[in-house]
Amino acid sequence: MEGQTPGSRGLLEKPVTASRGLSSLSAVFILLKSALGAGLLNFPWAFLKAGGVAPAFLVELVSLVFLISGLVILGYAASVSGQATYQGVVGRLCGPAIGKLCEACFIVNLLMISVAFLRVIGDQLEKLCDFLLPSAPPALQPWYTDQRFTLTLLSMLVILPLSAPREISFQKVTSFLGTLAACYLALVIVAQYYRGPPGLAREPSPAPSPSSWTSVFSVFPTICFGFQCHEAAVSIYCSMRNQSLSHWALVSVLSLLACCLVYSLTGVYGFLTFGTTVSADILMSYPGDDGVIIVARVLFAVSIVTVYPIVLFLGRSVMQDFWRRSCCQACGPRALANPSGLLTVLWVAVTLAMALFLPDLSEIIGIIGGISSFFIFIFPGLCLICAIGTEPVGPRVKCCLEVWGVVSVLVGTFIFGQSTVAALLELL
């Protein structure tokens, strides 16, 4: 088709169906598990920040339109550009300068997400050790219950082997198990609301109305942090057997609707249970000796363990692209070597060290959510604006798509600015 880049298929052409690759169900579970991460624990607190269930749920529904739109745009952009990675799509369509910005944001965002995941896992391991040894004072607990030892051991024996495969399709089994673990946590929170958690000292007080419109918009970073599966979208789309745009749109809608259901149940019932006393980590609001909550802690740690390799896979792909470019410029294409194993070990080691020795990361969740707005709003909007010029569509359709791309970029810029300024003010 005239005007298209190599490897492009366009909107109206029949898709190339791969003989091997992800099935639709596997793609839904991997995309869903990419979003069901540590953000699940923050949603009840986000409902409190928004001023109650109604305003928070309204913001979530509005965001869902942009979230689904971003995934569909990324699939379309991947088909037009012929690239198989997020950063490759952005670099091909938007130019090398925007591509380098995308790579920088990619590395920083995924690195900090990996650190946050390990911190969450470490906290759950620490609570589990406290439950198993309730009579031992903290100073006299055995050395093997120390978080630095348990988290390091888990990283070496479980997380590193899960992160070793070079294809994302390996994660379809672990993603299914991790999705079930996250769903169990949501169901436990719902059940505990009706059951009444034992050991609560007081009745939850009603949430105040939002103090201003800025308090409602403060929920956006948590939504971005929670629903961020867009970094994996291109890799998942290119791994699918059926890569038609309509089929990808269906996969995106099903994944995010299921994700929205899990997040909404957790947010609504967690907030209604504790009201203004809800913790930023909903599991910290429950008693530590409740058996159902202990199982939820273990399964949620399993959920995070299964999503960590997906995040590492995406970050490793960016570093591999940089490695290939550097080797080609320095020694020529014959000198290329696959650094996948080395990069995997390096990523796990660096994030583990940061998780063990850095202070609490809860203050910079807003910054992570702000950076995620680039991948959910800004880069998809830019890709749509740049890609639509290569397609033989009518002027009215082209104008509507370009306007939507501009709106997406402006919304993402607003969220990034608002969340970053708020996070910096909290740090100061």
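Just so it is clear, glycine is given a Cβ too, placed from its N, Cα and C backbone atoms.
Within its own chain, the transmembrane segment (21-41) has Cβ neighbours under 8 Å at 71, 113, 116-117, 120, 168-169, 171-172, 174-176, 178-179, 182, 185-186, 222, 225-229, 231-233, 236-237, 239-242, 247, 250-252, 254-256, 258-259, 262-263, 266, 280-283, 300, 303-304, 306-307, 310, counting only residues six or more beyond its boundaries. Taken from TrEMBL, the feature transmembrane segment applies to 21-41 (among others).
Sequence annotations record features per position, and here TrEMBL assigns domain 'Amino acid transporter transmembrane' to 22-417.
Sequence annotations record features per position, and here TrEMBL assigns transmembrane segment to 61-80 (among others).
Sequence-distant contacts of the transmembrane segment (101-122), counting only residues of its own chain at least 6 positions beyond either end whose CB sits under 8 Å from a CB of the stretch, comprise 37-38, 41, 86-87, 90-91, 94, 147, 150-151, 154-155, 228, 231, 281, 300-301, 304-305, 307-308, 311-312, 314-315, 318-319, 321-322, 347, 350-352, 354-356, 358, 360-361, 364-365, 367-368, 371-372, 374-375, 379. Here TrEMBL flags 101-122 (among others) as transmembrane segment.
The transmembrane segment annotation in TrEMBL covers 147-164 (among others).
Look at TrEMBL and you will find 176-194 (among others) tagged as transmembrane segment.
Here the transmembrane segment (214-237) has long-range neighbours at 22, 27, 30-32, 34-35, 37-40, 42-43, 45-47, 49-51, 55-56, 59-60, 63, 67, 70-71, 74-75, 77-78, 83-86, 88-89, 106, 109-110, 113, 168, 243, 248, 252, 255-256, 259, 263, 310-311, 313-314, 317, 365-366, 368-370, 372-373, 375-376, 380, 415, 418-419, 422-423, meaning same-chain residues at least 6 beyond its ends whose C-beta is under 8 angstroms from one of its own. As annotated by TrEMBL, transmembrane segment applies to 214-237 (among others).
Marked as transmembrane segment by TrEMBL: 249-272 (among others). Within the same chain, residues 24, 27-28, 31-32, 35-36, 39-40, 43-44, 46-48, 52-53, 56-57, 60, 64, 67-68, 71-72, 75, 182-183, 185-187, 189-190, 192-193, 204, 207, 226-227, 229, 233, 240, 278, 282, 285 sit at least 6 positions outside the transmembrane segment (249-272) and bring their C-beta atoms closer than 8 Å to a C-beta of that stretch.
Per TrEMBL, the feature transmembrane segment maps to 292-314 (among others).
Sequence annotations record features per position, and here TrEMBL assigns transmembrane segment to 335-358 (among others). Taking Cβ pairs closer than 8 Å, the transmembrane segment (335-358) reaches residues 111, 114-115, 118-119, 122, 147-148, 151-152, 155, 159-160, 163-164, 166, 312, 315-316, 319-320, 323-324, 327-328 in its own chain, all 6 or more past its ends.
Per TrEMBL, the feature transmembrane segment maps to 364-389 (among others). Proximity of distant same-chain residues to the transmembrane segment (364-389), defined by a Cβ-Cβ separation under 8 Å and at least 6 residues beyond the stretch ends, is recorded for 3, 42, 66-67, 69-70, 73-74, 76-77, 80-81, 86, 89-90, 93-94, 98, 102, 105-106, 108-109, 112-113, 116, 220-225, 227-228, 230-231, 398, 401-402, 404-409, 411-413, 415-420, 422-424, 426-427.
Look at TrEMBL and you will find 401-425 (among others) tagged as transmembrane segment.
If you count C-beta pairs under 8 angstroms between the transmembrane segment (401-425) and each of 61-80, 147-164, 176-194, 292-314, the highest count goes to 61-80.
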